[in-house]
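What TrEMBL annotates here:
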TRANSMEM  B:12-32  transmembrane segment
TRANSMEM  B:44-63  transmembrane segment
TRANSMEM  B:95-112  transmembrane segment
TRANSMEM  B:124-146  transmembrane segment
TRANSMEM  B:158-176  transmembrane segment
TRANSMEM  B:196-212  transmembrane segment
TRANSMEM  B:224-246  transmembrane segment
TRANSMEM  B:275-296  transmembrane segment
TRANSMEM  B:316-333  transmembrane segment
TRANSMEM  B:345-367  transmembrane segment
Amino acid sequence: MIVQYPTSSALLDYADHKPVSNSGKPVEDIVVAGSGITQCFSRAQSKIAKDLYLGQIQLVDLSTHMTPPTLLRALVSLNRIGTMDLTPFIFVSGSPLPDVMDTPGNGAQFPTLYYVTQETCVDCQPVNLSIHLWQFSSDALTPGVDPHLPYVTVEPNKNVTVNRIALYRHLQFIVALNPQQTADYGLLKGLAQKLTLAVPYDHATVRDIHGYSRLSTHLKGGQIQARFHIVLQGTLANLRSITDTTTDNAIIARESSEILSRQCLAVLTFTQQHDIDPWGIGRMLNWQHPDAFARYPHWHHEYPRVEMVVHVQMQLHKLGDLK
Amino acid sequence: MLNKELGISELSGIQFGTIVTAGYLALGIFYFPRELVSTAGRGGIWALWIDGLVTFLSMKLNFAMSRLAPSQTFVQFVGDLVSTPVALVLDLFRVVYHLGLAVLITVLFTSFMGNDFLPGTPTWALAGIAIVGAVYIASFGTTALARLLQVGYIPMMLINLLSLGLTITLIKYPLLLLPPLTIRPIPIFEAAYREFFIFIGFEVSITLYPFVKPRDRNRAELYATGGLGLVLFSLTFMYETCIAAFGPSYITYMRWPTVTLLRAVEVSGFFVEKWGSLVITLWTVAVLGFLAVRLWCVVHDIAALHFVHSIKHYRYILLPTAVAVYVLGLSIPNAAITNDLTEKLFIPAGVIQLVVIPVFVLIIGRLRPTTVAKLRKRTTRTSTHSS
């Protein structure tokens, strides 16, 4: 746990209405280790004569090595801190916490704001990956859905990259999706913004792909079917020919829809192989067909057998068209 | 008992409506909608609406009872209608019940403030603040209480409702906004029973009724019913946003779900980023209002029991009552116990208060029309005197 408190010079600057960055570090860190939040906190308190306050937790960093019982205990104690809003961001990382925190960033003054921008996926073009503590707790405690978190990688050159999604089965870390899968994950969740896709036809590129996704579950004679209906809009760019016809547009729209739905299906199959349901298909089944869901005491036994259907509907705009 | 002679000014219709509305809601709002969701799952919304309907009907019953002798409080006229010993039992039950409700809200407020906002402040101080505040509000009598609630309670409710509008941004699953069509009656009725707590307390109306200007009485009833409609609307709104943001499973793990929901709201760019947290502190107004209305009601009922002969002694009874509430409040260590007490004692007692007693009194009234006519006559004379 890292406990931060304002340095005296920063407080003086603040009193004089000067920007904090003028005099170096705005906050001082105390790094402590312990088996629980309370223990860490009392250790930090014993290191310093100032009064520390546990209400303002900015960020929760989980380790990939955390065992489910430890994670559960940590979650429970975080949820029990009555004075805290459950809004701090939470992520998972394979690197130790001090390494993650030591990386330079432009958000020293506004840590909360910083992580909102930081946790947009760099490679897979902005999927907003940030997760609040209450969102994670909600997923962890709801039957029929597995929680997921942004996976923070510390590069050898001390840069932080957030371009992957860590998948959990209950509270056990299983696997992290690669950047490509993360982009498709964003599509399936309806989070994708400004995605770019190269289409073989006429070497066209579709950029600025964004839209929403709707999940629904259906029962077909005992077989569960999960349907993802993804409605996307994109802008056509880099066409070789100067003018594009309606036919060209239709072909490119169809091709890009096909490519995207194939990619999405691949991610869905990947999660079925690992038996992780981050989409909340079980949860949706519970909401739409509660009796059917009640028949499965262990959703994870049933999840790999779910039939997945992805329907992508792409609408193309020409570059410069008004939407 | 002549109201004017006793120095009691009279209330307008909207003031009556405000006091009656402030007389409930505060108790259950802290848990809301946990009891509904943990018992009936997504079907909780039906339970809430059943509660609203039951409350509406019992409100009608209570007004019908008050109309038997419009210028007298329940405790004043019930002795003439049913025999004195029966009336004494009913009156004592009423006093104890209202006292109990005041104790419950003190405990709930204390633990809520202690848990979420002031962890270092001792319980006695928190309870003391609530009680001293409520006593101060109640000590100026009926009209002052009504005016204060009018300027404090109504804006608080409006701000609350508007802030809840912000929580729409947190809604993740719009599907959950639809009331579920798979209806399981038993859990729904059970949830309705457990959540009925939120509507308990409006029976203050039968003590308050004589204080309304005679020509405003019909309008007063309308305002009270309108208040119920508004409360039901805002509760539905709270329920919907809460369940659509958190999902039904997570709510059952939460201590104060609506509080968490409002605290999760972030208005970035606005000068108060944590607007929701600020609004929750305004709930103190609702708690103080509820407590003040309770104290007012207990004191009037005690005064009318003829232990003392005039309502002029109002303030002298108010103080010992408040001390009793304070001491009893401190003797309950936490909010989990009040939850248990509510389910086992106060909801049944509330149902007796709201449904059984009015039905009983109305039946007796039907059986003894001459007594009712005599009461009415006295009442009419009273109102001519007083106006």
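Glycine is treated like the rest: Cβ placed from N, Cα and C.
Here the transmembrane segment (B:196-212) lies next to the transmembrane segment (B:44-63) in space: the count of CB pairs under 8 Å, restricted to residues six or more apart, reaches at least 3. Looking at B:44-63, B:124-146, B:224-246, B:275-296, the range that has the most CB pairs within less than 8 A of the transmembrane segment (B:345-367) turns out to be B:44-63. Only sequence-distant pairs (6 or more apart) were considered; of these, fewer than three Cβ pairs between the transmembrane segment (B:316-333) and the transmembrane segment (B:224-246) are under 8 A, so the stretches are not in contact. When Cβ distances are compared across the two stretches, the transmembrane segment (B:124-146) makes no contact with the transmembrane segment (B:158-176), since fewer than 3 pairs at least 6 residues apart fall below 8 angstroms. Where the transmembrane segment (B:95-112) meets the stretches B:44-63, B:158-176, B:275-296, the count of C-beta pairs under 8 angstroms peaks at B:275-296. Nonlocal intrachain contacts for the transmembrane segment (B:44-63), taken as residues 6+ away from its ends with a CB within less than 8 angstroms of a stretch CB, comprise 33, 36-37, 179-180, 183, 188-189, 191-192, 195-196, 198-199, 202-203, 205-206, 209, 221, 224-225, 228, 232, 235-236, 239-240, 243, 248, 354-355, 358-359, 362.
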